[in-house]
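Notes for the one structure printed next.
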């Protein structure tokens, strides 16, 4: 764990943790509102967004990609709502209709465009490339205190730190609205807390985080982190604030353990190369959720425990 | 280009292409049919979990076969692996939903992302294995019918046909369980077994379709055609048939266009054709379409304005609303200067009588009036039996006298 680690391993690890925690915090509300699959839908439509942005600007600069992906995500959310209302279709199917169609359009556009010269492909959007974020300016732990080296930090680090800060600020500012809007939308409406508006703001935040994260870590880790840590935390406690704390702990654990396993696990087993860190982080988060499902103190639905005992 | 398209459209572009297109069409039909039942049970997105959960099985099967025989691309082996891990994913979704307090959407999302993540890990293992033949796997991500082996196309066509037959045989219990599980149980249908059969059929369609549509997009084959079909009918049997037809057409066209050249991925094309059919249904369906809905609203508005205008005429009140004036003028009830014509007078009398009778009916039988989907614009002679109307008229006359 020396200079090599600071240069090659530390930044991906930090990016993984930042992304995971930001996703997990928002995920708590998605899980409680039965909107867990919004993250899945949003992360699929990122692809047409970045392809369109590339076609419009001709570059793969991060700013254009983020704008394109963000616009596509918001457009998809609006489309889902339109399809759901206009066609009177149940939300799950409406989501399926919109995100598969947009993803298909993205794939076709991508295949039709000559993107051979630039690094832009479906696999990259799906599982990112955490390992390639290297902090070239670092030459040891001392670099963490060296302003010159810190200025050279790879752009995903400040970007995701910003995303996490935005998520925390959003939850802190709208805590009351989110809380009552999640548990009792009718009551929230009656006291003027605008549950519809908070709900939309939440979904937009989800889109923003998913878009900021996909470039560094890919869509798959984003979907896993929106759902698994929050789902596991839901099985640990009945109170919202402790649930958020549990989800942060689970997300951090999954990111650290997943990254370490991916980067160093194969080496310990005697293989020459590492495996996908994003995939491994998702896998570890699934392991945590499975454990919580088996032994989490609040895993049972109310009344189910008694029924199980009787049977 | 056009010649090639026409040739492919009529299965004249060689045995392989014809087999692949026909196989895709049968697959699309099976997927649409079973998807219709999933949509009615509001479980459309379960197939998303199933399709993503195939990836680790595919990769593991590839690794095992590559280690054993040196070549991991044997398709039946890959599909068996895919089916196995998709089955595991399905069991996980069911288990999480039944055994914990997490809801089904959480279970679906968790299974699809975690299984997919594990699959990605295994894919990087395959890359590291240096067999140099991972092309066999990456075709499953987005689907590719180009360069598909004849044996592979045959497997797909036969398996898709068998799945379609199974759906046909099971159509009665599937329908019953969709709408009324308790009634189905009293009719001797094993609800749990039927549920399992539904899931097994979705799984079969997903696994068979992996190579055609790719595992990210195969879910669209079970969602888009049924959603589009739902616009055209309110009857299950017809909806299933229409969904199957839409699925078949979309898959057929998608496969045909895809065979024309590189850069035309089959899965994406099938999905886009289905989506076009969905959009058409959304706008033009006479039953639930946007256009039909707009027409109904406009017609109702016209009738409300006509009725209110006639009532105002009967009471000799002045009318100011421009739309009311326009409607009355169009119908010939008033002249351009706003004075009532002869027809207007008699129509106004009739409207007053209708209004009085309906008012009385509502007062006497509030419950029935509520259940009759009453908005007071249906002519009372058509809505109620003659004896009830006669009775109402007598009461009205008595009251007037």
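Here, residue 1 is simply the first one shown, and the rest follow in order.
Glycine is no exception: its Cβ is also placed from the backbone N, Cα and C atoms.
Your range for transmembrane segment, going by TrEMBL and the list A:139-159, A:160-180, is A:160-180. Using a Cβ-Cβ cut-off under 8 Å and counting only residues 6 or more beyond its ends in the same chain, the transmembrane segment (A:6-30) has close neighbours at 36, 38-39, 130-131, 133-136, 138-141, 143-144, 153-154, 156-157, 160-161, 163-164, 167-168, 171, 178, 182, 202, 205-206, 209-210, 213, 216-217, 221-222, 225-227, 229-231, 233-234, 240, 243-244, 247-248, 250-252, 254-256, 258-260, 263, 277, 281, 285. Taking residue pairs at least 6 apart in sequence, the transmembrane segment (A:37-56) and the transmembrane segment (A:268-295) share fewer than three C-beta contacts under 8 angstroms. Under 8 Å from some Cβ of the transmembrane segment (A:160-180) lie the Cβ atoms of residues 15, 18-19, 21-22, 25-26, 29, 187-188, 191, 193-195, 198, 201-202, 205, 208-209, 212-213, 216, 240, 244, all in the same chain and six or more residues away from its ends.
Long-range contacts of the transmembrane segment (A:37-56) within the same chain: residues 23, 27, 30, 64-65, 67-73, 75-77, 80, 92, 95, 98-100, 102-103, 105-107, 109-110, 113, 115, 118, 120, 122, 125, 203, 206-207, 210-211, 214, 219-220, 222-223, 226-227, each at least 6 residues beyond the stretch ends and with a Cβ under 8 Å from a Cβ of the stretch.
Counting same-chain residues at least six beyond the ends of the transmembrane segment (A:240-262), those with a Cβ under 8 angstroms from any Cβ of the stretch are 9, 12-13, 16-17, 19-21, 23-25, 27-28, 32, 130, 171, 179, 225, 228-230, 232-234, 274-277, 279-285, 288. Within the chain carrying the transmembrane segment (A:200-228), a Cβ under 8 angstroms from the stretch's Cβ atoms is held by residues 15-16, 19-20, 22-24, 26-27, 29-31, 33, 35-36, 38-40, 42-44, 46, 49, 62, 65-66, 69-70, 73-74, 77, 124-130, 133, 156, 159-160, 162-163, 166-167, 170, 174, 178, 250-251, 254, 278-279, 281-282, 285-286, 288-289, all 6 or more beyond its ends.
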